Amino acid sequence: MATPLPLVFSAPKRGMPPAHFADLSDEQRIEALSELGLPKFRLNQIARHYYGRLEADPMTMTDLPEAARAKVKDALFPTLMEPIRVVEADDENTQKTLWKLHDGTLLESVLMRYPDRATLCISSQAGCGMACPFCATGQGGLDRNLSVGEIVDQVRNAAATMQAEGGRLSNIVFMGMGEPLANYKRVVSAVRQITQPSPEGFGISQRSVTVSTVGLAPAIRKLADEDMSVTLAVSLHTPDDELRDELVPVNNRWSVAEVLDAARYYADKSGRRVSIEYALIRDVNDQGWRADMLGQKLHKALGSRVHVNLIPLNPTPGSKWDASPRERQDEFVRRVIAQGVPCTVRDTKGQEIAAACGQLAAEENSEEK
């Protein structure tokens, strides 16, 4: 049996990129412009280009003095990431991009187009330190936290793609690589930039942003106190501590009861329904009695402020884990609903391009070895 990986909460400091416009406060931006000999009002112009027009190259910002554009680019807009692989599925409605960062680490984002919306799944860390055994990213370990700029620029890239198609990016889910609440300050800063109206941000509604977590209970409570209305998604995966200690090792630190108590605090503070993510794994966590227990615990802890998303597992190559058969999925849904908790099977757009978190990066790394 493979030795379990240790939990890693503190990311290595190495490899962080040069400061980007999105990393800086307004005061820091004004100071940087002043050092370039540019007045304060240029900040508003640059912000409107970046957040409003989705431009990241000052050479195209024609209302800036021509002589200053290269200096602004060097000082505030370093190249953060380059696409090295793009894979499409679902009649090109799902697009997964593998990005190489300045230090060679990899991250992924997935753009999913639906008839009524466009959703971007973004990464908050390069790798992940939560060590969940059925997750490709968790088994790869944590390289480092992403900077605010690296998180925000995933959104700008996708928003620009949708704009070029005559559409609009409407939803953001922090469900890519990494544990968002383990990179807390940067994720919260990124959420504020994603949701503030132009020229301070991209103007996406907070209610259209989902932040996921494997259950860092103190950070869930801290997020509740930020007075934001983003959706909280808790990756629970089983209702009992005995199995969750194995599937989600952070459960050894914060139990199911502690996580659900923190989720209730978030629901009470935000007024938002909490989403419970549950990856159905054949013969591991898909038993009917676990569905009953899940529904009972969620109804007791969260009442009407909860919804269960069942996720058919995306098996990783060589893994012992496999997805539950459809009939067992349907039975699980029926039994959770019978406990008074809404439950649906999540659409698995992009399954054929390994759209589960970390799988494209894992494939790339194995090809390089």
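Glycine residues also receive a Cβ, built from the backbone N, Cα and C atoms like all the rest.
As written in Swiss-Prot, here are the features:
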ACT_SITE  Glu108  active site, proton acceptor
BINDING   Gly178, Glu179, Ser212, Ser235, Leu236, His237, Asn314  S-adenosyl-L-methionine binding site
DISULFID  Cys121-Cys357  disulfide bond
DOMAIN    114-352  domain 'Radical SAM core'
At its widest, how many Å does the recorded S-adenosyl-L-methionine site span between Cα atoms of Gly178, Glu179, Ser212, Ser235, Leu236, His237, Asn314? 18
Cα-Cα, whole number of Å: Glu108 (active site, proton acceptor) versus Ser235 (S-adenosyl-L-methionine binding site)? 19
Taking the Cβ of Cys121 (disulfide bond) as the centre, count every other Cβ atom within 10 Å, in any protein chain shown. 26
Ordered by sequence, the long-range same-chain Cβ contacts of Ser235 (S-adenosyl-L-methionine binding site) under 8 Å (at least 6 apart) are Ser212, Thr213, Val214, Gly215, Val248, Glu277, Ala279
Let me know the DSSP-derived helix, strand or coil state of His237 (S-adenosyl-L-methionine binding site), please. coil
Roughly how many Å separate the Cα of Leu236 (S-adenosyl-L-methionine binding site) from that of Cys121 (disulfide bond), to the nearest whole number? 19
Three-state secondary structure, Gly178 (S-adenosyl-L-methionine binding site) (per DSSP): coil
Is Asn314 (S-adenosyl-L-methionine binding site) helix, strand or coil when read with DSSP? coil
